[in-house]
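Here's what Swiss-Prot has on this protein:
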type: BINDING; residues: 40, 61, 169; note: Zn(2+) 1 binding site
type: BINDING; residues: 90, 93, 96, 104; note: Zn(2+) 2 binding site
């Protein structure tokens, strides 16, 4: 079928809106008409080849839409369902079978390499040339996408569907890093480095978790103001104050839970050094490939736990509907992070995101 998609054809290149041909759904696939799609930092990192994915490619991995058709083996959703599209996992490796799909051993290819699970190219341009697709099992910078049963999450119809796409990645990552991975007990303290969409989602999740001290660290005052509005009890601007010293003025021994969302190695070092003995430091920010940080191993030896977190360690079929319900109850107001753009202004949305003008751009598609 003919669809419209935003294609990146060269490193650092623009998103080009083109009419392309999309395959019919295979037996395990779902054809989704996109209503809106979030634009995520990972889309831009891959566009610019900091992660070397093949080009040309249709990116987009925070899709929300309506099921149009399903393959013969699909049972979880049916035409007319409202869905959020998230990351692909195989469902058959040890990690998936153990209930930890974010550690899937077979997820890299289907999420990043531009082909379906069976190795097919699912999008061709008007000249018949292959265009990479199936990005995160969806490629949702398009009017329609092919997803899989495993990365298609059914959601309620009584919440605006155009809001929900970012729950598939960025917001799920921030909230899940707190609620699923770090899991701080009520009454505890957490420091969150970086107050972008992921970091502010973590702030809101810390409120849900019952943390009584929530420290947000960022160099942009407008983001810190929003962090306070969303529940941060303390804000620190590293441009004005050393964040390690500022945190230790609040907690002399450091904080028990720390989350680093910026992807900047120097900030990760600050996050580690802000932690208490026995503390846990989660890393979700995506630095350039090969980035390293200098850390005194003896500092970590004192029962500190340094861990990477993928997609908030979420089981999306469970976690995304929970976030939707928290939003419905007014306990997780992630809509305050979102700014909408028409699909044909995708390049402006990307520029605004890179400049920090917009926290979470969402493209209205159909």
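Using the three backbone atoms N, Cα and C, a Cβ is placed for every residue, glycine included.
Swiss-Prot feature annotations superimposed on the structure.
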{"residue": "40", "record": "Zn(2+) 1 binding site", "Cβ contacts under 8 Å, 6 or more apart": "61, 62, 166, 169, 170"}
{"residue": "90", "record": "Zn(2+) 2 binding site", "Cβ contacts under 8 Å, 6 or more apart": "96, 104, 105, 106, 107, 110, 117, 150"}
{"residue": "93", "record": "Zn(2+) 2 binding site", "Cβ contacts under 8 Å, 6 or more apart": "104, 105, 106"}
DSSP state at residue 96 (Zn(2+) 2 binding site), helix/strand/coil: helix
Winner by Cβ contact number (other Cβ atoms within 10 Å) across the binding-site residues 96, 104, 169: 169
Residue 61 (Zn(2+) 1 binding site): tally of other CB atoms within 10 A of its CB: 29
Cβ within 8 Å of the mean position of the Cβ atoms of 90, 93, 96, 104: remaining residues of the chain near Zn(2+) 2: 89, 91, 92, 94, 95, 97, 101, 103, 105, 106, 107
Near-site residues: Zn(2+) 1, ref 40, 61, 169, CB cutoff 8 A to centroid: 38, 42, 43, 60, 62, 87, 136, 166, 168, 170
